[in-house]
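What Swiss-Prot says about this protein:
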type	residues	note
REGION	1-21	region 'Disordered'
TRANSMEM	225-245	transmembrane segment
TRANSMEM	253-273	transmembrane segment
TRANSMEM	281-301	transmembrane segment
TRANSMEM	320-340	transmembrane segment
TRANSMEM	361-381	transmembrane segment
TRANSMEM	383-403	transmembrane segment
TRANSMEM	417-437	transmembrane segment
TRANSMEM	450-470	transmembrane segment
Amino acid sequence: MVFRSGEGHSLQWPGPEGGTGCTGPQSMLRATLLLVSLLWGARGTPSASLSPALGHPMPLTRGRYLSIGDGSVMEFEFPEESEGIIVITSQYPGQGNGTGPSPMLRVTSLDPEVLAIKNVSSIALGSGGSFVVSIRSGLPGIAPLHIQLTDPREAPPRLIEERRDFCIKVSPAEDTPITLGTDLVHFSENPILYLLLPLIFVNKCSFGCKVELEVLKGLLQNPQPMLLGLLGQFLVMPFYAFLMAKVFMLPKALALGLIITCSSPGGGGSYLFSLLLGGDVTLAISMTFISTVAATGFLPLSSAIYSRLLSIHETLHVPVSKILGTLLFIAIPIAAGVVIKSKLPKFSQLLLHVIKPFSFVLLLGGLFLAYRMGVFILAGVRLPIVLVGFTVPLVGLLVGYGLATCLKLPVAQRRTVSIEVGVQNSLLALAMLQLSLRRLQADYASQAPFLVALSGTSEMLALVIGHFIYSSVCAVP
């Protein structure tokens with residue numbers, strides 16, 4: 001049975017190692033709640049999106065002692081940002097006879113960001129007993145419970161029963177506009193964003209007009225730079241994100257945001273940085289085009305694999321179809337630009353001239369939206385994800401340059417491969433998260449791509465300044 005406490009208040013229960021319980025009105029209230037729960041059972045909402053074990057009523061099998069309510073429901077709904085209790089009934093014989101230490105219950109939430117366990121206390125009742133678990137919900141999602149009933153009379157304590165089939169579904173509030181003041185609404189509802197979308201589409205089409213078909217044909221004959229870029233972007237960097245998520249024990253939503261960010265194709269003005277740092281610009285444009293097209297297959301695959309390895313799929317639905325749709329929004333106009341340049345070269349030149357004045361508008365609009373995003377996304381940001389976000393571009397640059405050096409590519413191509421792996425399209429990852437998840441989850445997960453974008457831009461600008469200073473002092477081309 002799951003109860004929600006009154007808004008702004010929580011029912012305080014002693015933990016298993018604490019005192020013996022409350023007295024007075026609180027004790028009477030607790031006993032009343034317990035009796036009601038035992039008589040009426042629990043109200044649960046099976047979910048069609050879960051596995052059969054969670055989504056359908058399952059009878060209490062013989063030999064099981066623990067249950068919530070009548071044992072027929074495995075999933076229970078609870079509102080976000082609330083406090084309450086769960087009543088777990090135990091039919092283990094001897095719990096209520098008072099002849100010795102009673103069995104102990106340990107309850108663990110497998111996603112503490114969604115549901116936190118505050119404490120557990122026991123109540124003896126007849127031949128059995130019950131446990132009252134105090135909980136606090138956080139972000140919307142599904143938090144599986146790991147429940148263990150142990151006998152403390154033996155050394156070490158004997159495991160009587162273990163349950164992993166119960167879960168708490170924390171339901172989000174209605175997605176009403178979130179305000180941080182009288183005039184500040186969520187950036188996703190800003191009309192400037194919708195005004196910029198057509199310009200982004202045309203800008204990507206004009207980028208496709210810059211792709212040289214001869215360079216693409218040359219990459220097919222000598223594919224080493226292209227293969228190294230794909231290897232770094234879609235194999236090494238996602239694996240690095242997986243390692244960082246494990247090392248820093250990132251919450252599930254943040255881990256998903258980091259995986260998608262590190263699985264994103266090249267972008268973010270990488271060809272511009274190649275120009276400023278003495279790289280091969282035509283190669284950079286071609287590699288960005290190839291990685292964007294390849295991402296339509298590799299990014300959803302990478303996200304699905306690492307979501308499984310990190311057990312993200314247990315609490316968050318990884319929206320592969322929406323991820324693919326966002327990628328196609330970028331890949332299709334770029335591919336259209338390549339076709340336009342091949343079939344209508346004069347029109348492609350016109351398109352390139354027309355888009356130039358609007359590039360400044362896109363830049364200003366992007367800076368404005370970045371500020372508005374930061375107000376929401378970086379609220380409550382923590383040190384671990386800041387450190388990880390700072391290292392991602394640096395690791396990408398080192399991985400790309402190291403791979404290119406191993407194959408002894410020319411210096412210009414080494415720099416290009418390094419930049420293509422290190423400067424990923426973090427804003428594309430942010431867009432995928434915002435379009436795929438609920439608002440609170442999306443803003444939380446978007447901390448990863450937002451910080452990577454900030455770090456990458458700052459680090460690349462520092463490299464450009466350092467390169468100019470070094471080139472002017474040492475006369476290096």
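The count begins at 1 with the first shown residue.
Just so you know, glycine gets a Cβ as well, placed from its N, Cα and C.
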- Okay, the transmembrane segment (281-301) and the transmembrane segment (320-340): do they have at least three CB pairs under 8 Å, pairs separated by 6 or more? yes
- Message: Do any residues, 6 or more residues outside the transmembrane segment (281-301), come within under 8 Å Cβ-to-Cβ of it, and if so which ones?
- Response: 207-208, 210-212, 215-216, 219, 225-226, 229-230, 233-234, 260, 263-267, 270-271, 274-275, 320, 323-324, 327-328, 330-331, 334-335, 338, 412-413, 416-417, 419-420, 425
- Criterion met for the transmembrane segment (225-245) and the transmembrane segment (450-470) (at least three Cβ pairs under 8 Å): no
- Leading stretch by Cβ pairs under 8 Å, where the reference is the transmembrane segment (450-470) and the options are 253-273, 361-381, 383-403, 417-437: 383-403
- Query: Restricting to the same chain and to residues at least six past its boundaries, which positions have a Cβ under 8 Å from a Cβ of the transmembrane segment (383-403)?
  - Reply: 228-229, 231-232, 236-237, 240-241, 244, 248-250, 254, 258, 261-262, 414-415, 417-424, 447-448, 450-452, 454-456, 459-460
